[in-house]
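Notes for the one structure printed next.
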Amino acid sequence: MKNLLSLCFLMLAAFTLNPAAAQEKQSIFDVSNSSLFSNDDEFLKVDQAFAFNFYQKNNLLEVSFDIAPEYYLYRHQFKFKGKNTQFTSVLLPDGIDHEDEFFGVQKIFTENLAFTVNLENVSNDASIKITYQGCAEKGLCYPPTSKVIKLSKFILGESTSAPSSDAAQQTNEGEVKKSEQHQLSDMLKQDSLLLTLIAFFVGGLLLSFTPCVFPMYPILTGIIVGQGEGLTTKKAFTLSFFYVQGMAITYTLLGVVVAMAGAKFQAVFQHPIVLIGLSILFIFLALSMFGVFNLALPASWQNKLNNVSNKQKGGSITGVLMMGVISGLVASPCTTAPLTGALLYISQTGDVVLGASALYALSLGMGLPLLILGSSGGKLLPKAGAWMNIIKNIFGLLLLAVPVFLLERFIPEVASQALWALLILVSASYFYVANQNHAAAQNVQQGKGFWYGLRSLVIFLMLFFGANLAYQLIYPSSNNVTNNAQHASFKQVTSLAQLEDEVKKANMQGKTVMVDLYADWCIACKEFEKYTFVDADVQKALSNSVWLQIDMTEFDSTDNAELVQHYTILGLPSILFFDLQGNELTKQRTTGFMKAAEFSAHVKSIFK
């Protein structure tokens, strides 16, 4: 059992300490793909995108939609509900096929849509509610919209046409299947609160297996393991439970506040000063795992919290709860698809109570594996012994990975890579010594124990990854040289007036303009610089464009606040494009990370 456990920890360390592995798994949970932070001014309002009209003559209700270019309605999202009337099944046109990234081929309507509803038994105060939902090709999905049509009794020759937009009531019902975040957003709009909470709990459970939650595992396990030999299953469960509650409280409050405050709140808690402070905190926590000092509340505090914490050794319920709050706030800052869905709903409807409940359920789902892992500290782990010091040291190394994870958002890439290489090599060296000592203690001849060999393989892989990172630092590839050279092509702009002046200068030279709004705390901004802007096709597509860049790290500075207000910037990264007349092409604005091929195609479609 001990050998198997040691192998699991070694493999866990080998994976979590590999930044490349974490990068590959961001996929749809990445904040950069979130529609929450897209600029609403890029898109038409729902009634402009899908102009609604109807005409009633006797028992026939003719309904039509004038769909704007680059917008579409989902066929399967149409729903009909009658009040004081009956109607036969509505026969909609077939529509055209549309490839949906997450839900396969869907039928959609573009340009114009018309259909007829056959009414029966229309009584007084009769009405029919038509619910529909559509999206913009640029990446925004509207919430389901409903129009309530007041019907007239069958009077030969009498007809009723569409009322003004004020008369048509809009609600938020139906289902969205454009993307995961919008699907989850609109689940909140269903009648069943229980089903909504279950859906978000499952979403959180799936989310718990992504790199976004990675920092929480070493933090919680470090707290549990740090309790020492006196740890029991009950105490481990209690500590884990309150840690998860702290995390859940954070996500619930964070989601509501972010929905109200937008990217300014995000900027504060991703500020370098905050990240440095938290990195120092986790370094101290790691040192405690190595036995440099013991973490314990002052005696006076312990006495005051005696009734609450049952004199828990090495900490308290309050302390663990606060650690969960901190972990949820900063150590796992990814705005994921489930979280984005809840935020999107809150921002659109203002239903904070329902949104907060869903976020809490999402957090509990995220915390379930954490709860199981933490509770295992008193049940599944072997009994006290020398192995405990090894495990504490392992989690000390994992805790040291958290500061690197936080700092790499604003430190130079070469420094981040050096920290990862150093940490992996030091960890591999430690594991090698521990493996040798374990083999000697078990009287296992070198090269002959199965578990010894398997542990050695894991150590070898760690050494390989660490050495590979170190090699890239010492002998950078030509691509890195290209990256550094390409960054110099940006001209820095600091104010709205300077931006307008630079656009005029570019237009006088017959050039268009691309403006990159970035911040040091913005991961997706760094991805743009590393993967997209250096691409040859992207550079060719923008060869006749002046590249401007605005540092939005201090989001609330006077100059940046003016830019934010003028261009209605809700989140980063945002890429603005200006034509030869100096006009911003608002519908072509890019918000969120785009891969090089996609971005190149986007630029080519703009500047043909």
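Positions of Cβ are set from backbone N, Cα and C atoms, glycine also.
As recorded in Swiss-Prot, the features of this protein are as follows:
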- C135-C141: disulfide bond (DISULFID)
- 161-173: compositional bias 'Polar residues' (COMPBIAS)
- 194-214: transmembrane segment (TRANSMEM)
- C212-C334: disulfide bond (DISULFID)
- 241-261: transmembrane segment (TRANSMEM)
- 273-293: transmembrane segment (TRANSMEM)
- 314-334: transmembrane segment (TRANSMEM)
- 352-372: transmembrane segment (TRANSMEM)
- 387-407: transmembrane segment (TRANSMEM)
- 414-434: transmembrane segment (TRANSMEM)
- 456-476: transmembrane segment (TRANSMEM)
- 469-608: domain 'Thioredoxin' (DOMAIN)
- C522-C525: disulfide bond (DISULFID)
### Message
Suppose we draw a 10 Å sphere around the Cβ of C135 (disulfide bond). How many other Cβ atoms does it contain, all chains included?
### Response
25
### Task
For C135 (disulfide bond), just give me the three-state DSSP call.
strand
### Message
I'm trying to understand the geometry here, so how far is the Cα atom of C135 (disulfide bond) from the Cα atom of C525 (disulfide bond), in Å to the nearest whole number?
### Response
26
### Message
Averaging the per-residue pLDDT over the domain 'Thioredoxin' (469-608), what integer do you get?
### Response
82
### Local Cβ density at C525 (disulfide bond) - other Cβ atoms counted within 10 Å
24
### Composition by DSSP (helix, strand, coil) of residues within the domain 'Thioredoxin' (469-608)
69 helix, 25 strand, 46 coil
